[in-house]
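All remarks here apply to the structure that follows.
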């Protein structure tokens, strides 16, 4: 029988740089169909997606994840071939071993073991997998699949996202939510001119400066028990001109909010627009909502996960909402209890990305135990 390490070896061998799947999902679908899962591919443009389900009735527990990985960077800086799993003293190296093909290997191995142990369990076990998580095509992935499932009347009760949530060892941190992300591209027009004749020009840098001073000093909220205060960061400023004696005629500015449940995207938009209005400016603003904040601070799923972690590593997990966004933001709005439980994130997106064989085994065992608590007990 194929063990976790062999499954991970197979998955790492697919060079699935986002949004390419490169054969990962074909492998996973064949694996799951052999167990009796019904699989449907829901590909969308360059992004590969599939949903798989075992069982007909009862609560539906879905394991969600992504097969795509970030680029490897300079291959010469790796100590190993990034697309060939290599073990050194119990540590496994390869692009995606932690984020998140290691979790996928644990999910597959667990599913086979669970179905063999409980072939007629009173519930349903599912997989929601995309190759569009790491790049700009995320809207073609999980949110698209969720729309399709809603159209089919498929309701998910619980979802475990296999993102690398842990800090020092598998299970020590569970993500119970994530901040929202809102971006803005702002264009302010002025009038180009010579610096010696400012009265004949209109400098957009000068005009926007008091607005930026106001926005960067603003206390958006105080956060709450689960989230830090909302933050805003300016990520890009560019002006025309490109010469020391030219007043630029236009300005482009990008900013991003990471916001708590104390805010909505509309409340943030209003405050930004009001700041510009206060200074008699009316720029063109293009907004992009990357994801709303979500929080699972109670419920059967969270309690089952907390108890499972305590049983397997001897301590309760830290419950956190830190870090960037995840695809959980597209699943939670459908009323699903969502948590993230995965491997250690210390080396994700880095050269020599790695995880330990011990953590893989621990995570697989925890996934199995959670399934028992939710679908058997």
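All positions are counted from 1 along the displayed chain.
For all residues, glycine too, the Cβ spot is worked out from N, Cα and C.
Keep in mind that what you see is a predicted model, and the values were worked out from it rather than measured.
Per Swiss-Prot, the candidate among 150, 163, 214, 250 that belongs to the Zn(2+) 1 site alongside 66, 99 is 163. The two recorded residues residue 66 (Zn(2+) 1 binding site) and residue 133 (active site, proton acceptor) have their Cα atoms spaced 6 Å from each other.
Only 99, from the recorded positions 99, 133, 163, place their Cα within 10 Å of the Cα belonging to residue 349 (Zn(2+) 2 binding site). Taking the Cα atom of each, residue 68 (active site) and residue 134 (Zn(2+) 2 binding site) are about 7 angstrom apart. For the Zn(2+) 1 site, the Cβ centre of 66, 99, 163 serves as reference, and the other residues of the chain with Cβ at most 8 Å from it are 65, 100, 103, 133, 134, 161, 162, 164, 326, 342, 348. Counting only residues at least six positions away in the same chain, the Cβ atoms of 65, 99, 100, 103, 175, 326, 328, 340, 342 sit under 8 Å from the Cβ of residue 163 (Zn(2+) 1 binding site).
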